[in-house]
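Trainee: Handing you this structure, nothing more for now.
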């Protein structure tokens, strides 16, 4: 079990002010360009950061590909065939490396990218604490154990968040608001629509009109990879409509609606109501929760490394470069 330690003192928003002062602008410009062709990429980048931080802290371990010594977290149940945005992170990292070689970690690149994605989609602007370093391995088993599932009940959600040190109700409710934009696959809601808890009936907490809409998008024998908007009101905008939806029983996945409809929701219902009533209240809570999540067991100082290629640890990256040079020289 991972118990988080928060290290605010080691991370600071000014970390790259001298060594790479334009890093945030570099990241932002690339995301602006990506959004032109893929409006849902902002939500995908935020999700990558979330899934990174929940597994051994925010160390960019989710970005590593398979090696002979470890399996990638990309194969974990919560990531396989759903985590996306890796090529965008590659492009951001390459641009940052051109401007500031061997300076900005992949973990910080992903953290900045998540913040910029939220802001560009209409969400708050804030300076994220920086100074993380990158892990030298991935943690598939930990990803399978730690990542919350769409079918989680509220007690299971609370346990998953507390397990990584996010033990405030506001952590859970505010970070769940990341589902105010983005999409989800039909396969994650089929039980809610047709056979909730093996009853042969839909989830009773699902608004009946919304149920019919979702059944049209996700028919019983249809393609379960079809994508459905998390937020039926403003699907690509980062706002507080997610919470308005929960009040109307229109949360897309079970773990969303649990925040308002679970018998155990006495401490989360008031927060859902508060965020639904005030965008700024939600934004303030979201920024605080994002910074707390961003401070889960960071590698700092001389721990870990600054990866040159976010997909591979440096020894492999350098070996790859050396092999290319040797091949080139031998062909001369």
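A Cβ is built for glycine as well, from the same backbone N, Cα and C atoms used for every other residue.
Copied straight from Swiss-Prot:
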ACT_SITE  51  active site, proton acceptor
BINDING   52, 55, 57, 59, 61  Ca(2+) 1 binding site
BINDING   179  heme b binding site
CARBOHYD  22  N-linked glycosylation site
CARBOHYD  66  N-linked glycosylation site
CARBOHYD  195  N-linked glycosylation site
CARBOHYD  207  N-linked glycosylation site
CARBOHYD  223  N-linked glycosylation site
CARBOHYD  264  N-linked glycosylation site
MOD_RES   10  pyrrolidone carboxylic acid
SITE      47  site 'Transition state stabilizer'
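Quick one: where do these features end up spatially?
Mentor: When other Cβ atoms within 10 Å of the Cβ of residue 51 (active site, proton acceptor) are tallied across all protein chains shown, the result is 22.
The Cβ of residue 55 (Ca(2+) 1 binding site) lies under 8 Å from the Cβ of 61, 62, 73, 76, 139, 142, 143, 146, 147, each of these being in the same chain and 6 or more residues away along the sequence. Residue 55 (Ca(2+) 1 binding site) carries neither a helix nor a strand DSSP state and counts as coil.
In the three-state DSSP scheme, residue 179 (heme b binding site) falls into the helix class.
DSSP assigns residue 22 (N-linked glycosylation site) to coil in the three-state reduction, outside any helix or strand. Note: residue 22 (N-linked glycosylation site) has non-local neighbours 99, i.e. same-chain residues 6+ apart with C-beta under 8 A of its own C-beta.
Residue environment of residue 66 (N-linked glycosylation site) contains 13 other Cβ atoms, counted within 10 Å of its Cβ in all protein chains.
With a 10 A radius on its CB, residue 195 (N-linked glycosylation site) counts 14 other CB atoms from all the protein chains.
Sequence-distant neighbours of residue 207 (N-linked glycosylation site): residues of the same chain at least 6 apart with a C-beta under 8 Å from its C-beta are 248, 249, 250.
Around the Cβ of residue 223 (N-linked glycosylation site), 10 further Cβ atoms fall within 10 Å across all displayed protein chains.
Annotation for residue 264 (N-linked glycosylation site): spatial neighbours 153, 154, 155, criterion Cβ-Cβ under 8 Å with sequence separation of six or more. Mapped onto three states, the DSSP output places residue 264 (N-linked glycosylation site) in coil.
Non-local contacts of residue 10 (pyrrolidone carboxylic acid) by the CB criterion (under 8 A, 6+ apart in sequence, same chain) comprise 131, 298, 300, 301. DSSP classifies residue 10 (pyrrolidone carboxylic acid) as coil under the three-state reduction.
Listed in sequence order, the residues of the same chain lying 6 or more apart from residue 47 (site 'Transition state stabilizer') and placing their CB within less than 8 Å of its CB are 83, 85, 178, 182.
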Trainee: For the C-alpha pair, I'd like the distance in angstrom between residue 195 (N-linked glycosylation site) and residue 66 (N-linked glycosylation site), rounded off.
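Mentor: About 36 Å separates the two Cα atoms.
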Trainee: Starting from the Cβ centroid of 52, 55, 57, 59, 61, the recorded Ca(2+) 1 site, name every other residue in that chain with its Cβ within 8 Å, sequence order please.
Mentor: 53, 54, 56, 58, 60, 62, 73, 107, 135, 139
Trainee: Can you tell me whether DSSP puts residue 207 (N-linked glycosylation site) in helix, strand or coil?
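Mentor: DSSP call for residue 207 (N-linked glycosylation site): coil, neither helix nor strand.
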Trainee: I need the nearest neighbour of residue 57 (Ca(2+) 1 binding site) among the recorded positions 51, 66, 179, 223, using C-alpha distances.
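Mentor: Checking each of 51, 66, 179, 223 against residue 57 (Ca(2+) 1 binding site), the shortest Cα distance is to 51.
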Trainee: Cα of residue 59 (Ca(2+) 1 binding site) to Cα of residue 51 (active site, proton acceptor): how many Å, rounded?
Mentor: 11
Trainee: With every protein chain in view, what's the tally of Cβ atoms within 10 Å of the Cβ of residue 52 (Ca(2+) 1 binding site), excluding that atom itself?
Mentor: 28
